[in-house]
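*Asks:* Submitted below is the structure of interest, expressed as structure tokens.
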């Protein structure tokens, strides 16, 4: 099956989307990443997200830290035990294995990478490369182009890796062909924004007329604009998107939610 073959449909022209990323789970609930219990942080974020009553949750990658299959099972357990009643979608991070993500998909956790609402669509891009850095393969770029040209709707894109430098330590692991992907999205003329994770903090950038948003991690944050790898426990975080299609435009309102504030 090609990446975008499975499509999920919403009938409405307004969506509330929760974007949560980089939970870095372990095989058990006591695992800690830089002193942070990642399962506790993720659970706390899911509890708060459920109160927002989103239409969908998009997980932005880096589910696992110890690369165990039990960490994937823990992710599914925490989702299923939460108060969330919406579908959950995902993109793979550099820590993740797509086959393992597919194994926990089914029911509430969806495999679909193409989400269609009235007047706009969401595309979930695979930026996982052979190294911690990101790479969108030539064949996947063709799939993205085909998905975009197949519809006159507005589009919003999601991937894991940052496509532009953030002037920080993780730039060495950014999306290596980020400008190529961004030019494809901008040149299409119907893509309004791209959302990503990976950098463990919130950023807002622009490439030509495309808005780019980084969502902070649900686990631990990496200090902004630091050439060395510095961590901060600022509490669990996620992003909410309020999307509204009107007169061949999609209006985007987005806010980061910091649970320690």
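Positions of Cβ are set from backbone N, Cα and C atoms, glycine also.
Under the heading Fe cation 1 binding site, Swiss-Prot lists 22, 24, 62, 200. Positions annotated as AMP binding site by Swiss-Prot, on the basis of similarity to another entry: 24, 62, 94, 95, 200. Taken from Swiss-Prot, the feature Fe cation 2 binding site applies to 62, 94, 160, 198.
Burial and contacts for the listed features, if you can.
*Replies:* Look at residue 62 (Fe cation 1 binding site): DSSP puts it in coil. For residue 62 (Fe cation 1 binding site), the Cβ neighbour count at a 10 Å cut-off comes to 24, with all displayed protein chains included.
Under 8 Å, Cβ to Cβ, and six or more positions away along its own chain, residue 94 (AMP binding site) finds 61, 62, 128, 129, 131, 132, 133, 134, 160, 161, 173, 198.
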*Asks:* Using only the residues recorded as binding AMP (24, 62, 94, 95, 200), report the maximum Cα-Cα distance in Å, whole number please.
*Replies:* 14
*Asks:* Do you know offhand how many angstrom separate residue 95 (AMP binding site) and residue 24 (Fe cation 1 binding site) by C-alpha?
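*Replies:* So the alpha carbons of residue 95 (AMP binding site) and residue 24 (Fe cation 1 binding site) sit roughly 8 Å from each other.
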